[in-house]
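What TrEMBL lists as domain 'Orn/Lys/Arg decarboxylases family 1 pyridoxal-P attachment site' is 354-368. Annotation source TrEMBL lists N6-(pyridoxal phosphate)lysine at K359.
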Amino acid sequence: MNKINDFKIASSMKARNCFETNREIVDIHTICNLNEIAAIVLSHEDVSVKMMTQLIENGLNIPIFAVINRDEKINTAMLSALTGVFSLDGKDTYSYSNQLEAAAQGYESGLLPPFFKTLTQYLSKRNITFACPGHQGIDFFCKHPSGQKFVDFFGENIFLADVPHADPMLGDILSHEGAPGEAQKHAAKVFNADRTYFVLNGTSASNKVVANALLTPGDIVLFDRNNHKSCYHGALIQAGAIPVYLETTRNSFGLIGGIPAHCFEEDYLRQLLGKVSPEKANAPRPFRLAIIQLGTYDGTIYNAHNVVNKIGHLCDYILFDSAWVGYEQFIPIMKDCSPLLLELNENSPGIIVTQSVHKQQAGFSQTSQIHKKDNHLKEQSRYCNHKRFNHAFMLHASTSPFYPLFSALDVNAKIHSKGSGQKLWSDCIRIGIEARKILFSSCKLIKPFVQPFIENRPWQSYDTETIATDLRFFSFDPDEKWHTFEGYEKSQYCIDPCKLLLTTPGVDPANGKYSDFGIPAIFLASYLRENGIIPEKCDLNSIIFLLTPAISNAKVQHLVTQIIQFEKHIEQDSMLSEVLPTIYYNNYKRYRNYTIRQLCQEMHNLYSSYDIKELQRNMFRERHFPHVVLNPQDANIQLIRGNVDLIPIAKSKGKIAAEGALPYPPGILCIAPGEIWDGAVLDYFLALEELINILPSFAPEMQGVYINNDSNGRKRIYGYVLRN
């Protein structure tokens, strides 16, 4: 086992004679990374306001000692920030050394959160195991050269940490006893929840846990049409609840927006409910659960206080699917976006928040967590207690958990505790602001998606600190045209400052119409991937980059440099073989002698001919929703029984979809099981079929439909529809 290394002591040069240590000592004035420091020793001269402010503001709470001569005194204001004071007279070196080491050990021990600490202690025992997993650390793998390569690549600790689940020393993840329970209690405290559950198979599973805990067949669920497919699976297919769908917005650049303001009006909701379940239309609290995307994939974030104030009295519970956020409560200007900072009473709904920790927090892929905030409902019949909720949790949890995943969730909570989360996300926001400023000053075609002017001054003309502390700079004004979203009201939504959203030419925001020439964002995304930069997502004329505390100014400036180079290729109309060589040579016959502008124009013309931005909009507008014939659960049953036919989508008009279909990303169903193929959704998939055939290598991944070649070699999209 590779031991966790002891941290170092950072010291002023003048202070080194008053203590002894076996730890490495580094100069406080040259240290760049305080994350490997266990204690700090400062000379009297270094106990300055500037130095102490720098050390305290990092939020790490490292022990700090001061060293003084006989006649020197520490400023009274500084004493409260110190762990202790040493003398330079040389008489108590042994005592000072013990104090320093005790403080360093205490600090290091406190860095390990409950489960991770227990796991490291367990591994230090080096037990001999005759229990699963069968690889028994690295031993099985190392019996074969392929396994040895595997171990060499990942390092032995990841294998050793995959320990026997039969050993009670590590507690029980399913019953939340022992160290796992302590870890989740700590996370609940950090995130302001009443109870937190760590989930090891993604927020897809978290959403299903919540739905299966709260919903039964016939229950009414208020359902954001932007919801991830996992919400459809859990609430509608597995639980059999009846959805009341809420329409959502798309803008002209292909960005996913929120629910229009009118959808949160009680009269409107009861009108929708009357069409689905007339007998419940006048019930005082008709919705067992509302499922709302707190933040869309494309960085539109709800004012959670606004949502709860408007619909909370109609719902037993509200699930805020926060897969694409989760850090909002650590950012002061986003306080109102956080459901977990709400003040709740007996008339409020229960609040549940699911978070994909792996997306923008510090977690391995598949790490997720559920935050439950409903203690205010304990005396009411609508309350779902822990035992019942955990029953649903166990339906979806493995009995063989991978402890490194669980440890990552534990450590993520620790990283965000005691002010560290606020500091980390504050730095992230400021780097993102600087990135936008550089793009504004350096690029002509690619533009940051923010309000161009604030009080008649360019967005980028304000200083970074002002922007970082004023939500106006990330707000949507419903009267402004730049964002092209429809139906918003003031203070309803804001742009996530931790998602760098850029737009490409092709749409005039003043009127929402296509321009003569455009650059679909897929070409910028492909260029960046060709040059070693991976964006999160692109669609139509927008592209998204996730900003997390992992970013640096250097990374961001490298990104901007590559975007500038892409613009040069557009301006010079470079050969496609130079701009996108991999795609070019994989499709040599199709793109031979093409230039980048020529290819951009072809895709732009395709978008324009289908008016694909309007098709996207219409798919999620209520008046264009596919007609519902069957509950999704009933349609899924017919699929399982085989009472379906696989037919070309081009021939599916009027047929009932047996599967939900979507382009991925973003994982949002365009049509749900039990709905009729027709109208905007059918036209949209036919446009995608045309794109697949005309412009190979640029089509999105699709789920719920299947691509097959017809007798002429043309690619066709097929889908399962109900027979008869």
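Positions of Cβ are set from backbone N, Cα and C atoms, glycine also.
Unlike curated entries, TrEMBL annotations are predicted automatically.
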Averaged over the domain 'Orn/Lys/Arg decarboxylases family 1 pyridoxal-P attachment site' (354-368), what pLDDT does the prediction give?
98
Tell me the Cβ contacts of K359 (N6-(pyridoxal phosphate)lysine) under 8 Å, same chain only and six or more apart in sequence, or just say none.
A323, W324, G326, L546
Per-state residue totals over the domain 'Orn/Lys/Arg decarboxylases family 1 pyridoxal-P attachment site' (354-368) - DSSP helix, strand, coil:
4 helix, 3 strand, 8 coil
